[in-house]
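What Swiss-Prot records for Cys82 is active site, nucleophile, and it gives similarity to another entry as the kind of evidence. Positions annotated as active site by Swiss-Prot: His191, Glu193. As annotated by Swiss-Prot, domain 'Glutamine amidotransferase type-1' applies to 4-213.
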Amino acid sequence: MMQTVAVIDYGMGNLHSVAKALEHVGAGRVLVSSDAAVIREADRVVFPGVGAIRDCMAEIRRLGFDALVREVSQDRPFLGICVGMQALLERSEENDGVDCIGLFPGQVRFFGKDLHEAGEHLKVPHMGWNQVSQAVEHPLWHEIPDQARFYFVHSYYIEAGNPRQVVGHGHYGVDFAAALAEGSRFAVQFHPEKSHTHGLQLLQNFVAWDGRW
């Protein structure tokens with residue numbers, strides 16, 4: 001039977017490019033949906049996001065999706081992307097501080113306006129290709145080399161509260177969590193749908209993953 005992948009639509013995300021990338025890797029039925037019943041019935045769920053975290057969390061709470069995300073991420077493969085990843089943390093310092101869903105301990109921090117590396121001033125947002133160092137083996141890293149490059153666009157980074165949940169490290173002036181995992185949940189700061197070969201491989205791995213780790 002064909003599996004169903006739900007891409008959660010709460011009005012804040014690069015939804016159709018994510019959906020197209022999932023279709024490209026053979027995800028089966030890909031449904032971009034804001035219907036809680038459709039999302040609950042899906043075999044696996046993707047939670048993308050772009051924009052300001054305050055706006056994202058306001059919509060998530062208005063739709064009741066904070067509880068929905070907690071529910072559906074417990075018992076099936078679940079992938080958070082970019083701001084969708086940041087929303088899974090406890091709190092973001094963006095917009096004078098915003099409480100988030102709290103599935104992963106930790107904070108979302110601003111890179112700052114005075115970010116330097118080896119004497120060079122770094123522009124914020126962090127935009128472009130950067131390496132991800134794999135901290136541990138995980139099914140979603142299958143056939144992706146360590147230090148592979150992925151595409152990032154973000155002004156805020158994740159300071160993880162539990163180092164054991166960090167499965168991928170990034171560096172841009174400061175070290176940050178590029179990927180987090182716990183049980184059937186996996187979340188990435190980068191955009192796999194924009195990351196060419198390695199990004200598509202990660203999505204293909206997600207589609208094949210049974211949610212165990």
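Using N, Cα and C of the backbone, Cβ positions are placed for all residues, glycine too.
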Counting every protein chain present, what is the number of Cβ atoms, excluding its own, within 10 Å of the Cβ of the residue listed as 'active site, nucleophile'?
26
Other C-beta atoms that fall within 10 angstroms of the C-beta of His191 (active site):
21
Taking 10 A as the limit, how many CB atoms besides its own sit near the CB of Glu193 (active site)?
25
Spatial separation of Cys82 (active site, nucleophile) from Glu193 (active site) - C-alpha basis, Å:
11
